[in-house]
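Positions annotated as active site, proton acceptor by Swiss-Prot: HIS19. Look at Swiss-Prot and you will find TYR14, TYR64, ASN66, ASN112 tagged as tRNA binding site, backed by sequence analysis. Feature annotation from Swiss-Prot assigns site 'Discriminates between blocked and unblocked aminoacyl-tRNA' to ASN9; the stated evidence is sequence analysis. Annotation comment: Swiss-Prot describes ASP91 as site 'Stabilizes the basic form of H active site to accept a proton', evidence class sequence analysis.
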Amino acid sequence: MYIIIGLGNPTREYEATRHNIGFDAITRLADDNNISLDTKKHKAICGKGMIGGEKVILAKPQTYMNLSGESVRELIDFYKVTKEEIIVIYDDISLDVGQLRIRTKGSAGGHNGIKNIIAHLGSDEFCRIKIGVGDKPKNWDLADYVLARFPKEEEPAIREALEKVSKACETILRDGAKVAMNLFNKKEINT
């Protein structure tokens, strides 16, 4: 069994913001795989199903971003999975809008949700899929930027990224993270 966790903030005011792209990815995975996100437990909204021939739990922690580790820890403990059996999906301002980066370990890179998960797990060795949301303009505050919605011109890149995340998760579950990294960690070149 695997647990796939998308990071974001609960409540309507944060829907469709850059920081909630992890929640959007979980919604896309649920839709693509006929999984109902209809259970509230372990400080998360969850759904059970199958992806890539593996049993999965999809989860959207409801603790607010900076406390995501509380929910992740509860999920891991309850379902008795190892840190190698989780995938965390979240926003990354260091990547171009829509670019994916899959990693199996690494620092939080300034992301407070990941920092909290690392603290609760006592390890940075877990699979994560970063979705590029672009760097903030010089005159923007970081919090205002990540809590802003995507402008219309970026929406096609985000839709495409969510489609790729769905395929990347299936690849990780079926073939492993290394194969997925080779397939999806490519920067698109516009010619």
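Every residue, even glycine, has its Cβ placed from backbone N, Cα and C.
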Cα-Cα distance linking ASN9 (site 'Discriminates between blocked and unblocked aminoacyl-tRNA') and ASN112 (tRNA binding site), given in Å to the nearest integer: 12
Cβ-Cβ distance under 8 Å to TYR14 (tRNA binding site), same chain, at least six residues away: GLY8, ASN20, LEU147
Residue pair TYR64 (tRNA binding site), ASP91 (site 'Stabilizes the basic form of H active site to accept a proton') - Cα distance, angstrom, rounded: 14
Neighbour tally for ASP91 (site 'Stabilizes the basic form of H active site to accept a proton'), based on other Cβ positions within 10 Å of its Cβ: 24
For ASP91 (site 'Stabilizes the basic form of H active site to accept a proton'), the three-state class that DSSP assigns: strand
DSSP three-state assignment for ASN9 (site 'Discriminates between blocked and unblocked aminoacyl-tRNA'): coil
Nonlocal neighbours by CB distance (under 8 Å) for ASN66 (tRNA binding site), same chain, sequence gap 6 or more: ASN112, GLY113, ASN116
Distance, ASN9 (site 'Discriminates between blocked and unblocked aminoacyl-tRNA') to ASP91 (site 'Stabilizes the basic form of H active site to accept a proton') (CA atoms, angstrom): 12
For TYR64 (tRNA binding site), the three-state class that DSSP assigns: coil
Site diameter for tRNA, Å, by largest Cα distance between TYR14, TYR64, ASN66, ASN112: 16
Recorded positions: ASN9, ASN112 - member with fewest neighbouring CB atoms within 10 Å: ASN112
Candidate with the highest Cβ count within 10 Å, taken from the recorded positions HIS19, TYR64: HIS19
